[in-house]
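This report refers to the structure that appears directly beneath it.
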Amino acid sequence: MAPGVLEWPGHGTWGTMEVLDNQHLSIGGCDVVELANQFGTPLFVYDVEWVRQRIRGILQAVKRSNLNVRVSYASKAFCTVAVCQLVHEEGLGLDVVSGGELYTALQAGVPASDIHLHGNNKSWAELEFAVSSGIGLIIVDNFVELDMLSEVADKLEKDVSILLRISPGVEAHTHEFISTGQQDSKFGFDLESGQAEDVLTQLGDYPRLHCVGLHSHIGSQIFEPQGFTAAVFRMVELYRDGLALGLPLKILNLGGGFGIRYTSGDRPLAFDVYMDAIETALTEACRRQGVQVPEVWLEPGRVIVGPPGTTLYTVGTQKSVPGVRNYVSVDGGMTDNPRLALYGAKYEAVLANRMDEAWGNHWLRGGVEGSGSTKLVNRPLRDETGVPTPHEAKTLVLHANKMPVMGDTGVNGVLDNAHGQSEGSSLERWSVAGKCCESGDMLIWDATLPHPKQGDVLAVFSTGAYNYSMASNYNRNPKPAVVFVENGNPTVVVERETWADMVRQDRPLY
């Protein structure tokens with residue numbers, strides 16, 4: 001393959017990714033094979049320049065609207081001291097969901113006033129920590145929490161600004177486990193049953209709690225704006241009722257959930273599309289209800305850090321079940337990425353040390369012109385945030401005689417059922433398994449790869465959100481290191497755990 005900038009047809013350049021002369025994948029100016037050798041695997045690698053560009057793209061889309069918008073990073077997607085510093089440096093507030101995330105944000109130097117606290121079951125200790133820290137807002141989830149928070153505020157003799165989390169009865173088209181806005185949800189005051197109206201009338205009983213707005217979050221991985229617009233109309237009706245009761249409402253927080261690209265079938269929207277839809281709906285809803293347009297808050301998380309994150313693994317054993325499936329095992333798995341086991345999440349991957357062979361259908365779909373040395377054509381060189389990616393002006397030249405052009409089936413030709421290999425292609429179908437003692441420990445089913453060899457470096461894309469943050473020590477596997485890469489410089493921002501770390505909190509019987 002000719003060296004060049006990495007692009008996805010229909011998705012533009014993929015951050016700062018490039019293919020080097022040695023046919024290795026590069027991210028942030030760093031050879032990922034060298035990163036794997038230097039820092040070990042599994043390894044989370046974050047393209048810092050791309051994180052910055054995605055934040056700036058969101059903020060630019062917000063500025064193009066006629067709304068007064070505040071954007072906070074949903075830190076549950078990926079929360080470390082370094083990433084909290086990075087997103088705050090770029091102008092975002094922080095949304096946290098636990099005492100641990102709040103502590104992390106404060107350790108990162110984020111002012112408490114720029115942080116707001118979520119959670120459906122906040123403990124007394126978490127509420128006391130938040131209030132004593134001077135947190136900007138607390139999003140109250142239920143009646144029990146109202147009582148607890150009022151007691152904490154009285155004890156500390158502090159007034160607290162709050163939002164009420166509302167379940168608006170809007171079902172986003174997403175996986176049921178990450179859909180949160182429907183009536184049957186553990187989150188928030190239900191709108192359909194009248195709970196939301198009831199809590200508005202009871203807020204006068206809590207003199208130290210000042211309700212300044214309403215919050216909703218309808219789900220995650222959302223690829224259409226209609227769910228947001230439906231939520232807007234329902235929330236504005238409740239907002240009007242709150243104003244009529246004399247509440248000092250000024251904020252409508254619509255949460256996050258903006259979808260990203262995990263596979264070639266995903267079609268994320270430009271952030272402008274969401275903003276245009278929200279602005280149109282909010283303006284009309286407020287006109288109908290006779291209220292002023294409130295300040296809008298948004299909480300993107302996955303859309304900021306998801307695509308810029310890549311996980312590197314080292315290939316280990318292989319196994320072929322004749323007529324059934326090929327398996328290749330790597331040195332990580334559900335301990336660093338449980339999303340397939342939880343949601344059936346899908347990913348795509350390449351062998352990062354063999355990019356001349358690893359160029360699969362998810363890279364080439366979209367058409368190739370000519371023969372020999374060719375270019376991919378008709379791709380917008382902007383990602384879903386709407387901002388030009390770091391390599392917008394570059395094009396990637398490919399050698400078609402070295403790389404099969406893939407069709408919608410995922411391979412060039414019909415797969416041989418016994419071996420999972422395509423006719424006329426060196427690419428095969430391999431299911432990527434983790435190393436845990438668990439049948440469900442899979443990372444990718446039927447990935448299109450060259451025949452993997454022990455020691456190859458497998459790069460799995462779009463793992464920046466809800467991977468490290470959901471990692472575990474199952475089977476006493478240490479959690480991976482996290483490396484930020486930018487301008488050719490790798491920086492370890494989370495050290496790799498060791499076997500000694502696994503027993504550090506243990507206490508022996510004798």
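Note: Cβ is positioned from N, Cα and C throughout, glycine not excepted.
Automatic prediction, not curation, is the source of TrEMBL annotations.
Going by what TrEMBL states, the substrate site holds Arg339, Tyr343, Glu438, Tyr466, and the candidate of Arg302, Arg496, Arg504 recorded there is Arg302. According to TrEMBL, Glu299, Pro300, Gly301, Arg302, Tyr466 bind pyridoxal 5'-phosphate; the candidate from Gly246, Gly257, Gly265, Gly344 that the record adds to this site is Gly257. Residues listed for pyridoxal 5'-phosphate, Gly257, Glu299, Pro300, Gly301, Arg302, Tyr466, cover a largest CA to CA span of 15 Å. For the pair Cys437 (active site, proton donor) and Gly257 (pyridoxal 5'-phosphate binding site), the Cα-Cα distance reads 33 Å.
Long-range C-beta contacts of Pro300 (pyridoxal 5'-phosphate binding site), restricted to its own chain and to partners at least six residues apart, with a cutoff below 8 Å, comprise Ile58, Val71, Tyr73, Ala74, Gly256, Phe258. Excluding Gly257, Glu299, Pro300, Gly301, Arg302, Tyr466 themselves, the residues of that chain whose CB lies within 8 A of the CB mean position for the pyridoxal 5'-phosphate site are, in sequence, Ala74, Lys76, Ala77, Ser220, Gly256, Phe258, Val303, Ile304, Ala465. Taking the C-alpha positions, the distance from Arg302 (pyridoxal 5'-phosphate binding site) to Lys76 (N6-(pyridoxal phosphate)lysine) comes to 9 Å. Mean pLDDT of the predicted structure over the domain 'Orn/DAP/Arg decarboxylase 2 N-terminal' (59-305): 94. Reported as a whole number, the C-alpha separation between Gly257 (pyridoxal 5'-phosphate binding site) and Lys76 (N6-(pyridoxal phosphate)lysine) equals 12 Å.
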